[in-house]
Ligand SMILES: CC(=O)N[C@H]1[C@@H](OP(=O)(O)OP(=O)(O)OC[C@H]2O[C@@H](n3ccc(=O)[nH]c3=O)[C@H](O)[C@@H]2O)O[C@H](CO)[C@@H](O)[C@@H]1O
């Protein structure tokens, strides 16, 4: 199969695409893949690192208010559709897949106009702007939450789950925490604010560090690349005990996750797919800055199933973060029950199911 795939901006759109590529190449070692992203998004760093052919187009998002920038956006969109058409003519894909972000809008739209089979993958419970637009043109729409179904043209929708779920369950334990300098025989809490870090989660964690230093459990705190230097400067003279580790980013999250006892983090859809696939107890602090408050809706589906706790960002302080973490990290029974509920929501065959959708449109 010749797969052209596009998804960009944040990890939540990129990692599902990479997981799908991995599953395809495992199934069909002769498969050819071209990834199209932007040169500014996180994808420009992570995709080439995996040895995947990567091409870029220039595009920007619409401003919500009326602005001259929007004319530039329309012009850039039309231009990027032209660039995408050139890439498609040269690569000759059997299928073009979009996993969200503005860049996938141009690529998948161009493919649909050229009558190439197209599929989009929606990770969230509330549908993103780009996928909403593309839903009118594509052949199939793969979803990860049942609640997304009614927001799309019904006949095109297939429930597959998020391919990242399958990727993380297939990883064997590798003593990844030890490689980061943590012990391998203590329960470990992972704190991170999505793929780009979250200032508020970082501030609350920083406040809690003197206490975390004294806990019987370990903490792995991932700040997000752009926040790291400033956070370490603010940490100043505060010493870190051996049970607390701070890093800017985790390159190989699937290797870390099986060794994690509980997570405190945002409620991005791809993080949730990982948490449920592996059955990891979690405290979710939804980002209030995303379209239609979709992270709260993502998180609520877990909370309703007894699979996670929700703490509103407005209520997050050093003390409330510590109390929430202690309630899980100091109580193995609470973790066990939450883990079992989380796992019931997992979709560990998602990548294979999405591959079947791709095959069905190629054959048609
Ligand atoms: C602010 C924003 O717009 N967030 C959106 C974005 O979140 P974001 O990009 O944060 O996405 P998610 O939380 O869904 O996924 C983050 C991904 O990055 C990985 N990771 C994270 C940190 C790290 O150090 N290393 C690493 O590999 C995680 O394992 C996960 O695979 O896309 C999601 C999926 O469409 C949406 O639900 C989120 O609302």
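One-based numbering along the chain as shown.
Backbone N, Cα and C define each Cβ position, glycine as well.
Per TrEMBL, the UDP-N-acetyl-alpha-D-glucosamine site holds 10, 11, 12, 195, 250, 295; the candidate it also names there, chosen from 124, 131, is 124. Sorting each residue of the domain 'Glycosyltransferase family 28 N-terminal' (4-143) by its DSSP state yields 66 helix, 26 strand, 48 coil. Under a cutoff of 8 A between CB atoms, and with a sequence separation of 6+ in the same chain, the neighbours of residue 124 (UDP-N-acetyl-alpha-D-glucosamine binding site) are 144, 145, 148, 269, 294, 298. Its own atom aside, the Cβ of residue 10 (UDP-N-acetyl-alpha-D-glucosamine binding site) has 18 Cβ atoms within 10 angstroms in the protein chains shown. Counting only same-chain residues at least 6 apart in sequence, those with a Cβ under 8 Å from the Cβ of residue 250 (UDP-N-acetyl-alpha-D-glucosamine binding site) are 192, 222, 256. As a whole number, the greatest separation of Cα atoms within the UDP-N-acetyl-alpha-D-glucosamine-binding residue list 10, 11, 12, 124, 195, 250, 295 is 23 Å. Ranking the binding-site residues 195, 295 by other CB atoms within 10 A of the CB puts 195 at the bottom. Over the domain 'Glycosyltransferase family 28 N-terminal' (4-143) the predicted model carries a mean pLDDT of 93.
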